[in-house]
Amino acid sequence: MSTPGETAGETVDSAREMLPDNSFLIQYPHVSRVVRSLFLTAFVAFGIGAFMGVLQALHRTGVARLVDSADYYTLLTLHGVLLVIVFTIFFLAGVFAWANTRSLDRPPVSKRFTWFWVATMSVGTAMAGIAILAGLIPSTDISADVLFTFYAPLQAHPIFYIGLAVFIIGTWLAGIDWFRQYLAWRRENAGERIPLQSFMVLTTMLMWFIATMGVAVEVVVFLIPWSLGIMPAPNPLLTRTLFWFFGHPVVYFWLMPAYLLWYTVLPKIAGGRLFSDPLARVVFVLFLLLSTPVGIHHQYVDPGIAEGFKFIAMTNTMFLLLPSLLTAFTVVASIEHGARQRGGTGYFGWLKALPWRDPAFTGMALAGLMFAAGGFSGMINAGMNINYLVHNTIWVPGHFHLTVGTAVALTFMAASYWLVPRITGRKLYSRPIGLFQVVLWFIGMVFMSAAMHRGGLAGIPRRTAEPQYPQVTFETVAGSVSSLRLQLAFGGVLLFVSALLFLMNVGLTAMNNKPARNLDSALPPALSGPDQSPTVLDNLKLWALIAVVLVILAYSLPLYSIVQGAGLYPAGQEASPAVIAPLLEVIA
Amino acid sequence: MSRLSPAALLVVGAFMVPLFIELPVVLSFVGVDLPMPVSLGMGVVTFVLVLVWSEVSQSPDAADA
Amino acid sequence: MHVHNYEKLWLGASLLLIVGFISTIVYGAAGAGITMVNDEGGQVNPQELGNTSGFDDPGVTKVGPNEYEVHVVGIQFAFQPSTMEVPANSTVTFYVTSRDVVHGFEIVGTNANTMVIPGEVSKITVEFDEPGEYGIVCHEYCGAGHHSMAAELTVTEPSNFTMQDDTQTQTGGNETTNATATPSGGESA
């Protein structure tokens, strides 16, 4: 899998000299370089991850089995980690670096610090990636076939956990960088409202600081010492719970940059303005407050957790629907405003006035539409008792391929068509290919995700190389299981073709010698501006404090009762695979 | 003179895909068994009709030309 | 703070939807009686299952006039026992645990579904209304052979059911069968 890279961009070519003085690239050449570097890593990860994805779609449906079924799980680990950790987070770091700089209109405080966190994230990624890939080489003892969730007592090589920890620290440093940039702005702009994009970056990073506490404790306190053989195996239920403490808010960490793009960039592309700045702030505050105290909804069917705790998580989860429902209103209203500015009329006639030829618009609009579908299947998952029907069936990957796999990934791809020319100064290689590519992603995902949801209702499990068992017959509501398999594989192939077209288009853009035109990075002000909202919305300390209190309320009792149950290091837990001789036993 | 641009045709075609994929499921609730290939085939036919409607103009000027 | 009227309407409708969802779940728990997997199962030492009552001899035991217990142990990459038989129209309580890593336990086509975590015991109570063959799959990745981990559950007519290793005979089973085989309080799959 080779991915067309971006040129380093150090040389000032003739194309760049033709850019207007107020373009982002001319004003912030250094930040542009940081963003290019982050995007490059994101796109390489996307290419490899997408290739793993099509291998799995063909393998589990039995259409073509190119690898051994035992190796399927190595590919699945790679698919999960590369796409939802590396692609999403490197890309959003690029978006945030761009958005924070653009909206504060000042560069980060220290260039060296910025490159330091980029390097930290990259080193962590490389370590975890090497550990996973080594699983394909039988002659090494190194492996990390533990999937994205790395549930103990399945064990990975220490380098995998250490890489994860280093990566998370890199993201913290990135957050600190953006806060320093904001504080420097604040010193020069006392009493001003935080610019909207910066507000979104800061609230999202506060949420991330809180959320990653769970996985940091899990990895640093329990899994690294255990994998090194210094400490015994931890309580599997405890580490699961710490994982999901992080594992649900991480989905909002992926989604918030997509929301940032929908709220700030999409209205501009549609020809209009954001409907309401205050409501956008309310939405991001709600995500900061409610993203973390819901993680137990991933553990509805876990033993060892009382029903009451699950019920609290369920209630919080349902209220977490609110900011997304509000977003649906604001985004559609902003797009409609844009369409009417462009001459659209009628109840639905305005839809025709939208810039459907623009891949950035069409991609984001289709992503938003699929997010609505993904949101509804998510409500089923959130329903504590209906969840029994679908828990850990392929319904669940069907759900999150609509959310992170389309709402987030397709928005990122569409935004790339808008953003990459702005950070490279080069003209988009092909708009028609871009349009075809985003529509193909939509069609491929409709095929694949619909088949997954329906397969899940029939009880077909997820995360399985061969979901074909002699003992089991799966009964579908409509159509046959074999037709669902074909549908899934077909959708997967379309998605892979779409991913290749995207990488090709972006790669050729990065090497395009034609200068980009009309590189206006200014975003129009909202119809209802921030001056109409109470200033308490900008009190980040207050919201962070409330968020922490909510997390303590939601998690202290469940964690206490889990530790009371089996203890921190219960007897009789053994690592699998047993590759590394535990140091304790060697000593004893 | 086309009624729909290639981009519009692409988007309209894309929106038809989920409709014809979900049609057999919706019909199964009212007891109608529509095989998936038939449903997708109906989708293709519908798209061709849209294509024809788009490309065959009714305007007299175009007919004369 | 200015909020547009349509926006207020939308906000109200959204809150109504959310409260509606929560109400249906409360009704499911209180009215229809769907209980969640919870902490009732207690804890065990995964290496000492051979000395733990119930898990020392996994399988079906009769505990009441029409009540059965099934102890199941998940190991890489099988369920013990690999076949189980219970009568229809009885109350069956599964106790499931793992000897090694995290597994899953799903009776395909029903809403009997739980995680299986080493050291913890999952307890789920199920009622099968209709005789039939059910597949059981492990739905959580548990290692390189995960895809071969499955078992079989047979629900027989109460009149034909005899305990395999027990002299107790089945009496008093309700002969009428409902339309679908579903676990207690569940929606049909």
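A Cβ is built for glycine as well, from the same backbone N, Cα and C atoms used for every other residue.
The transmembrane segment feature in TrEMBL is assigned to A:38-58 (among others).
Residues or ranges marked as domain 'Cytochrome oxidase subunit I profile' by TrEMBL: A:38-537.
Annotated transmembrane segment per TrEMBL: A:78-101 (among others), in sequence order. Residues 24, 28, 31, 34-36, 38-39, 41-43, 45-46, 48-50, 52-53, 56, 107-108, 114, 118, 121, 125, 128-129, 132-133, 147-148, 167, 171, 174, 178, 181-182, 197-198, 200-201, 204-205, 250, 253-254, 256-257, 260-261, 264, 404-405, 408-409, 412, 415, 419, 422-423 of the same chain, all 6+ positions outside the transmembrane segment (A:78-101), place their C-beta atoms under 8 angstroms from a C-beta of that stretch.
Summarising the annotation, TrEMBL assigns transmembrane segment to A:158-179 (among others). Residues 85, 89, 93, 96-97, 100, 108-110, 113-114, 116-132, 142, 144, 146, 150, 198, 201-202, 205, 208-209, 212, 215-216, 219-220, 223-224, 227-228, 580 of the same chain lie 6 or more positions beyond the ends of the transmembrane segment (A:158-179) yet place their CB under 8 Å from a CB of it.
Through the fold, the transmembrane segment (A:199-224) approaches residues 96, 99-100, 150, 152, 158, 161-162, 164-165, 168, 171-172, 174-175, 178-179, 182, 231, 234, 238-239, 242-247, 249-250, 252-253, 256-257, 259-260, 263-264, 280-281, 284-285, 287-288, 291-292, 295, 538, 540, 543-544, 547-548, 551 of its own chain, all at least 6 residues removed from its boundaries and within a Cβ separation under 8 Å. What TrEMBL records for A:199-224 (among others) is transmembrane segment.
The transmembrane segment feature in TrEMBL is assigned to A:244-266 (among others). Residues 84, 88-89, 91-92, 95-96, 99, 149, 196-197, 200-201, 203-204, 207-208, 210-215, 218, 274, 280, 283-284, 287, 291-292, 294-299, 327, 330-331, 334-335, 360-361, 364-365, 367-368, 400, 403-404, 407-408, 411-412, 415, 418, 523, 555 of the same chain lie 6 or more positions beyond the ends of the transmembrane segment (A:244-266) yet place their CB under 8 Å from a CB of it.
Feature annotation from TrEMBL assigns transmembrane segment to A:278-298 (among others).
Annotated transmembrane segment per TrEMBL: A:318-339 (among others), in sequence order.
Under the heading transmembrane segment, TrEMBL lists A:360-380 (among others). Within the chain, the transmembrane segment (A:360-380) has long-range Cβ neighbours (under 8 A, six or more residues past its boundaries) at 258, 261-262, 265-266, 269-270, 321, 324, 328, 331, 335, 354, 386-387, 390, 395, 398-400, 402-403, 406-408, 410-411, 413-415, 417-418, 434-435, 438-439, 441-442, 445, 449, 453.
The annotation transmembrane segment is assigned in TrEMBL to A:400-420 (among others). Long-range contacts of the transmembrane segment (A:400-420) within the same chain, counting only residues at least 6 positions beyond its ends with a Cβ under 8 Å from a Cβ of the stretch, are 35, 39, 42, 46, 83-84, 87-88, 91-92, 95, 98, 251, 254-255, 257-258, 261-262, 265, 269, 358-364, 366-368, 370-371, 373-375, 377-378, 426, 428, 431, 434, 437-438, 441-442, 445, 448-449, 452, 502, 505-506, 509-510.
The transmembrane segment annotation in TrEMBL covers A:432-452 (among others). Long-range contacts of the transmembrane segment (A:432-452) within the same chain: residues 57, 357-360, 362-363, 366, 370, 373, 394-395, 397-398, 401-402, 405-406, 409-410, 413-414, 417, 484-485, 487-488, 490-495, 497-499, 501-502, 504-505, each at least 6 residues beyond the stretch ends and with a Cβ under 8 Å from a Cβ of the stretch.
For A:488-508 (among others), the entry in TrEMBL reads transmembrane segment.
The feature transmembrane segment is assigned by TrEMBL to A:542-563 (among others). Packing against the transmembrane segment (A:542-563) from elsewhere in the chain are residues 203, 206-207, 210, 235, 237-238, 241, 245, 285, 288-290, 292-294, 296, 304-306, 309, 312-313, 316, 536: each is 6 or more residues past its ends and has a CB under 8 Å from a CB in it.
Residues 196, 199-200, 203-204, 206-207, 210-211, 214, 241, 244-249, 252, 256, 259, 263, 305, 309-310, 312-314, 316-317, 319-320, 322-323, 326-327, 330, 381-382, 384, 526, 528, 530, 532-533, 537-538, 543-544, 546-547, 550-551, 553-555, 558 of the same chain lie 6 or more positions beyond the ends of the transmembrane segment (A:278-298) yet place their CB under 8 Å from a CB of it.
Tertiary proximity for the transmembrane segment (A:488-508) is limited to same-chain residues at least six positions away from its ends with a CB under 8 Å from its CB atoms, namely 3-6, 43, 46-47, 50-51, 53-54, 56-58, 60-61, 63, 413, 416-417, 420, 428-430, 433-434, 436-438, 440-441, 443-452, 455.
Sequence-distant contacts of the transmembrane segment (A:38-58) (same chain, at least 6 residues past either end, Cβ-Cβ under 8 Å): 1-3, 5-6, 64-67, 72, 75-76, 78-79, 82-83, 86-88, 90-91, 93-94, 97, 118, 122, 125, 409, 412, 416, 420, 423, 448, 488-489, 491-493, 495-496, 499-500, 502-503, 506-507. For the transmembrane segment (A:318-339), same-chain residues at least 6 beyond its ends with a Cβ under 8 Å from one of its own Cβ atoms are 259, 262-263, 266-267, 269-276, 279-280, 282-284, 286-287, 290-291, 294, 350-351, 353-354, 365, 368, 371-372, 375, 379, 382, 527.
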